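Annotation source Swiss-Prot lists transmembrane segment at 8-28, 42-62, 89-109, 128-148, 185-205, 239-259, 270-290, citing sequence analysis.
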């Protein structure tokens, strides 16, 4: 039942998300002011990684069979007809791009926090923060490469998967998930960390930004108040989205791993819920970033083409 529903869902989801990501990509590249170059670069990279992630997950259509030992990864998508090592590598690529996307959201929140304080940091400080945020990505990629080399490249392992997948019908087995090696623990720790760190950091940042805005409330025009309100609303949505879509299913994931129980909803839908932010993030960005919202308003005939008051304390990224 799940397989039939998701075989219809994935193509529809891809058809909805892909044009939206392309639209955001064009808006970010063409309509980002010069004072938003750092934010522009972050959003540009996030569009790329989210697009790669959604395309790969729709082609793979994964199911992690958690009650088996070791846990098997089943592929129901078009890539099930390829050799297992190809799908297994692309599985890790989709995982890495999802983690990078979450980290880029954290970087965006950090930039907004620094801008809200109206403090101009040295470029070296931003570089240090970016490097620190990217360290888990390098560790993750290294651990994934090790897993591919040890679990898929060996001739006997490739032959085993050829035998298992010799008569592919609705799915193929592309790999295993074990928690018996240091790289496997690193992978799951980094993935979980990227999911569970975003909501508290986003909500904490929201509280700090509101504090800075309220401290200058008496000297703020109505237009700036409106722009800041939409900015904060966007930050709230950005922080709460993983709290709603990702955290519950990952808690279920931990439970089924620990108990070796079979929960079909978790097995089939964890990949679906990982995809949800790629659908909502473009709309949140277009809503919460004033120049993009202004441009869309002009296209819709709901905004005048006159000069826009820029909230330098928040948007000067």
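Quick reminder: no glycine exception, Cβ is built from N, Cα and C everywhere.
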### Task
Could you tell me what the rest of the chain brings near the transmembrane segment (270-290), counting residues at least six beyond its ends with Cβ under 8 Å?
6, 9, 13, 16-17, 20-21, 23-24, 27-28, 36, 39, 43, 46-47, 50-51, 53-54, 57-58, 60-64, 98, 101, 105, 227, 230-231, 233-235, 237-238, 241-242, 245-246, 249-250, 252-253, 296, 308, 310-311, 315
### Message
Checking distant contacts: for the transmembrane segment (8-28), what same-chain residues at least six beyond its ends satisfy Cβ-Cβ under 8 A?
### Response
40, 43-44, 47-48, 50-51, 54-55, 57-58, 61, 77, 272, 275, 278-279, 282-283, 285-286, 292, 295-296
### Beyond the flanks of the transmembrane segment (42-62) by at least 6 residues, Cβ under 8 Å
6-7, 10-11, 13-14, 17-18, 21-22, 24-25, 28-29, 32, 73-79, 87, 90-91, 93-94, 97-98, 100-101, 104-105, 107-108, 111, 271, 274-275, 277-278, 281-282, 285
